[in-house]
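This report refers to the structure that appears directly beneath it.
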Amino acid sequence: MRAARLVFGYDSYGNTCGQRNEPIEGVRLSGLDHTDRKFVFFLDPCNIDIIQRKIKSMALCVSQCPTEELATYYDLKKFAMINGSELCSYELPGHKYPSLPERFEKCPKLPVPQSKALPVFNRCTPVDISCYAKFAEAVVTFVSDNSMLNRLIAGVAASKEIIVGLCLLALVLSMILMVIIRYISAVLVWILTGLVVLGSLGKSAFCAFPKLRMAFILSSFAHPNLECRIELEYERDPSWCFCCVMLPISIFLLLQGILLLLMLFMRKRVALTIALFHVAGKVFIHLPLLALQPFCTFLALSLFWVYWIMVLLFLGTSGNPEKNEDTGLVEFRLTGALQYMTWYHAVGLIWISEFILACQQMTVAGAVVTYYFTRDKNKLPMTPILSSVLRLVRYHLGTVAKGSFIITLVKIPRLILMYIHNQLKGKENACARCMLKACICCLWCLEKCLNYLNQNAYAATAINSTSFCTSARDAFMILVENALRVATINTVGDFVLFLGKILIVACTAITGVLALNYQRDYTEWVLPLIIVCLFAFLVAHCFLSIFEIVVDVLFLCFAIDTKYNNGTHGREFYMDKALMVNCMKMVFWWKECGIEFAIVMKVAEVICY
């Protein structure tokens, strides 16, 4: 019955269209037999409540939607006599429509527009949607110039083929970048290092020459007497110049020096990041199906969201009928335990969405672990991705569910605080606003940290087949032991991936400008270009996020490999040659691997020969 309300619709008296109905106590005209009346008809379909997002009109069940415009009550009478579909309230006989005094309140507003039934949901909707102009005007109130809006829409419509082509280009570029980024990662990293060095030298020169510094300060303001003021203030109180000018510049210079020293000190760890990127590129060559993970995840999320929306619609029609004392009509409202089902459903949306994303991380981690700990890459399983999915379904669903639930427990309070902050915007005092923002920021940081720990816990689970808590503990200990490496990989690696996203967006945007300039039938090509750039960034983010997961899993495997193996007989390394050479360099410079010099030379001999 409740599902039928959603599919077939119901009238304002609580009757479901297309079936027999039980009478509702205290509601007249309820309990009618609507077996032959299968369509929902609104007396005033254009009366839309924008705030409540619903049609403010009496609804009736009719046997046929009006197939032509009905301008008078005689037309309503003729339509009822010929088609047997009465469009006024049930108690009004069709042959008396023109003479009844109740026709103004209980008959449709004239003229009745031509309507057509929606497929499946059986609602009569006007064929001419111009009656929704007021609703559309409210939606686009942010646009002050309607002609500009028309030109923008015309630009999108005229360039739809180009938009689709550019979106496909962004997709292809993202997949290509995942393979070739191992070749350009070193260039991007050292460009970053060079920019930091040049920036530090420039700021050193800026602070070393007072005349240059004073000229810059004076050029930053447009007051003609500023130079005289500064000289006067300096003569009156020299400490003023020190506090307002020299001290901030000195602090900034000190920070730049520290950053430069960190870059020089961590250059070998930067080399480890480059080596991980190189090996990650090899992973995608041996496991090309990893590139399809964003599609699979998007498909799973889309199916779940469609299911979630359908359940939400069913919940909206599952309430008990109650009579509205003001209008005398029936409304279905959730009462009792049902009114809390919406909140339960909302929590389910967050949890299951996080669960699907965690399944993606677990699948990728399992495949990468299989690749890393297989010495002979020619003996990899036929389908490492499928094997990882099967292991996930058979052994690790509880691990993924627990990790995603922890994220949900942090995300829900943050969303609640964000909702409270938006509701109280402009009403709370400065202290309360600051506290809310601080709490939201702290929860956001905690969520990001837990996400990163969960991802490494899934990798540890794929390696050791341990429970979630045990894997999280082991992963946390490994990350703490390699804190500097983790910091380098996260900062430098994220910057390289960000540059990769910018590269894809830039290439797509340049191609879009060249393609759109050939279109001479419209002038507004900015909106299509913005749409394409947003889509390109979204696609690049999805694909490079998979690459980031691969790099993180490879690092955890590398850290475990160097912790439990030393290159001797029976304890050989599993790592790739690029990582092994990097490890040898770190042995010579920092001795972090704990391998004797003879063993290092033996490993080098194995690599070289």
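Backbone N, Cα and C define each Cβ position, glycine as well.
Remember, TrEMBL labels are computer predictions, not curated facts.
Pulled from TrEMBL, these are the features on record:
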type	residues	note
TRANSMEM	162-181	transmembrane segment
TRANSMEM	187-209	transmembrane segment
TRANSMEM	239-264	transmembrane segment
TRANSMEM	270-291	transmembrane segment
TRANSMEM	298-316	transmembrane segment
TRANSMEM	349-373	transmembrane segment
TRANSMEM	495-519	transmembrane segment
TRANSMEM	525-558	transmembrane segment
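At the 8 Å Cβ threshold, with sequence separation of at least 6, the transmembrane segment (298-316) lacks contact with the transmembrane segment (270-291), having fewer than 3 such pairs. Below 8 angstroms of C-beta separation, residues 283, 286-287, 290, 293, 296-297, 300-301, 304-305, 308, 380-381, 384-385, 387-389, 391-392, 396, 399-401, 403-405, 407-408, 411-412, 415, 454-455, 458-459, 461-463, 546, 549-550, 553-554, 557-558, 561, 574-575 of the same chain, each at least six residues beyond the ends of the transmembrane segment (349-373), sit close to that stretch. If one looks beyond the transmembrane segment (162-181) by at least 6 residues along the same chain, the residues whose Cβ comes under 8 Å of a Cβ in the stretch are 156, 277, 280-281, 284-285, 291, 496, 500, 503-505, 507-508, 511-512, 515-516, 519, 528, 531-532, 535-536, 539-540, 542-544, 546-547.
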